[in-house]
Amino acid sequence: RCAGRVEVLHDHQWGTICDDDWDLKDAKVVCRQLGCGTAVSVLGQAHFGQGSDPIWLDDVECTGTETSFSQCRLQNWKVHNCNHEEDAGVVCSGAYVLVCMYVYRAVCEYRCVCMCTGVCVSTAPIRLVNGSTSCSGRVEVFHEHWWGTICDDGWDLTDAQVVCRQLGCG
């Protein structure tokens, strides 16, 4: 399942969201944007572990119909009355495709820190560009604030299938 602590990228740094007023409407938007299906449940009290980066947001308010988390009503960045014991989490109906230490997702601004055999791993944003459809094109990965290509040495059908599944392309 796609589940974990929700983090957001702001000012080139990842940070957590406080669980105050965190509800299923907020989780719906996160799951939708990450391509992880629908929201199954929301979890607070750092259920997926405490973050170590800044707490960026508190009292998030989504209607549940937004296509992007940035469309939700967000309070001032880094203004909160929380600690990391209150980091927000979600459980979505879909699944991340895990390739051992790599977790790919289609959106670069938000991440769901997932568990892979009990170990937290970081996400590597991925996208397809210059294709004739949203499910075709050159594979690019976001790393250190830049999009870049992947060398095709050793690239095979198995790698392509992982990308396609992660991007919801079958």
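Keep in mind that glycine also has a Cβ here, set from the backbone N, Cα and C atoms.
No curator has checked TrEMBL annotations; they are predicted automatically.
Residues or ranges marked as domain 'SRCR' by TrEMBL: 1-93 (among others).
All protein chains considered, the CB of Cys18 (disulfide bond) has 23 other CB atoms within 10 Å. The disulfide bond annotation in TrEMBL covers Cys18-Cys82 (among others).
Sequence annotations record features per position, and here TrEMBL assigns disulfide bond to Cys31-Cys92 (among others).
Taken from TrEMBL, the feature disulfide bond applies to Cys62-Cys72 (among others). The number of other CB atoms found within 10 A of the CB of Cys62 (disulfide bond), across every protein chain shown, is 21.
Annotation comment: TrEMBL describes 126-170 (among others) as domain 'SRCR'. Counting residues per DSSP class in helix, strand and coil order gives 10 helix, 14 strand, 21 coil for the domain 'SRCR' (126-170).
Mean pLDDT across the domain 'SRCR' (126-170) comes to 78 in this model. For the disulfide-bonded residues Cys31, Cys82, counting C-beta atoms within 10 A of each C-beta gives the highest total at Cys31. With Cys92 (disulfide bond) as the anchor, the candidate disulfide-bonded residues are Cys18, Cys62, Cys72, Cys82, and the one with the nearest CA is Cys62.
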